[in-house]
Amino acid sequence: MILNIGLIDYGMGNLHSVEQSFKRLNQSLKIISGPNDLSNCDALILPGVGSFDPAMKNLQQTNLIPELKKWVLNNKPLLGICLGLQLLFESSDEGKSKGLGLLKGTIKHLPKSEKQLIPHMGWAELNQDKECPLFKSNSSPQWMYFVHSYSAIPSDKNDIASSVNFGDEKITAVVWKKKLAACQFHPEKSGRSGELLLSNWLAWLKKETKDLY
């Protein structure tokens, strides 16, 4: 089955790395720069590198915000990556702009810790908090690559699919709600573990898409 997956380009994402990760999985991506590019897409990817306010400003300029809200409201698959996860929430301590509000909750600065440096940069082992199509039940613990200073605080803790230890606390690593998924880490920079996660998402997506036809 051939999937049509859109990669949103709003000037704040590491598009090349994401494209290359999916290319290794024999999956091409279609660049989405505006509403007219969304036709025939089965799923969307919202990447992100940088700060919250400039990201929301750039996204606003693409005229994609109403379309993204309709996309998720219609229960279509979307995958957020790093800053892309944070934009899904209502607000962020990093800026004054409103987020997309597709998930209830906010983005907070990482808690100060004598055991951890900020920004949180490097490899960390995931804790699986609930069953999620991004992870296989019999898989070994996954290590992913993080680069961030802020983390999501979902209003509904059931939205958290995976967390990671940070000092004496746990912070959000993966959210999953209906067909909306997002990860704080960079799967495209996480070697075999990241590749496996993206492969699991594609397998789930193919099943979901097949069931529609």
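Note that Cβ sites are derived from N, Cα and C of the backbone, with glycine treated the same way.
Per Swiss-Prot, the features are as follows:
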ACT_SITE  CYS82  active site, nucleophile
ACT_SITE  HIS186  active site
ACT_SITE  GLU188  active site
DOMAIN    4-211  domain 'Glutamine amidotransferase type-1'
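Mapped onto three states, the DSSP output places GLU188 (active site) in helix. This prediction places the mean pLDDT of the domain 'Glutamine amidotransferase type-1' (4-211) at 95. Every protein chain shown contributes to the tally, and the Cβ of HIS186 (active site) ends up with 21 other Cβ atoms within 10 Å.
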